[in-house]
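Undergrad: Taken from Swiss-Prot, the feature S-adenosyl-L-methionine binding site covers Trp10, Met45, Glu66, Arg120.
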Amino acid sequence: MDAEFWHSRWAENRIGFHLDDTNPVLTQYWPMVKATRDDRVLVPMCGKSVDLVWLAQKHNNVIGIELSDIAVRSFFAEHLYTPMVTSIGHESVYAFDEITIHCGDYFSVRIDPVDVVYDRAALIAMPKNMREMYVERLLSLVKKGGRILLVTLDYPQEQLNGPPFSVMSDEVRRLFDGCNITLLARDEKDETHPRRKNGLSHFAEETWLIEVA
């Protein structure tokens, strides 16, 4: 993912990927992760997602990583939270109650190991040449026995430029080779879906449970 591209998306408010409500995939499949209240939860490339609030109602330590300071400041402002802000090297850490967001480069922010991960928007934001590096970094942050709830998209990449990019099932299995991988759901969208209306021959959302061995 190009950092300047991401900054410009937020600066120009081109954030069609942002959901105003909690993602139904999260509410439906989070129980499969079997996370306890004290488990440390990581949300990479969290933006200003309201999913953070939902997770914070269930867990004592929810950690986001986000490159855009506009996104981070918007999250806290929109929820009327006043965070404590600490600068550490090239990153800023925003903390309020159960939620901590590291504003900085995903590949270099300093975070203690986590128990569970919710990835709805991070892997699919990565171009193909960055995905192995993204997953390598992610797995380095997850404790042995940790779990990842992963959401990916499957569509003909040649028919639409990303991001979000298509990450097909065989690539998921290759990237997370060595982990226990379970496909929880595949939601094939019909012709009424906006992406299909834009000319895609098919468009599906897949939900995965990745267990780190």
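Each residue, glycine too, has its Cβ placed from N, Cα and C.
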Undergrad: Provide the number of Cβ atoms within 10 Å of the Cβ of Met45 (S-adenosyl-L-methionine binding site), excluding the reference atom itself.
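TA: For Met45 (S-adenosyl-L-methionine binding site), the count of other Cβ atoms within 10 Å is 24.
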Undergrad: For Glu66 (S-adenosyl-L-methionine binding site), what is the tally of other C-beta atoms lying within 10 angstroms of its C-beta?
TA: 25
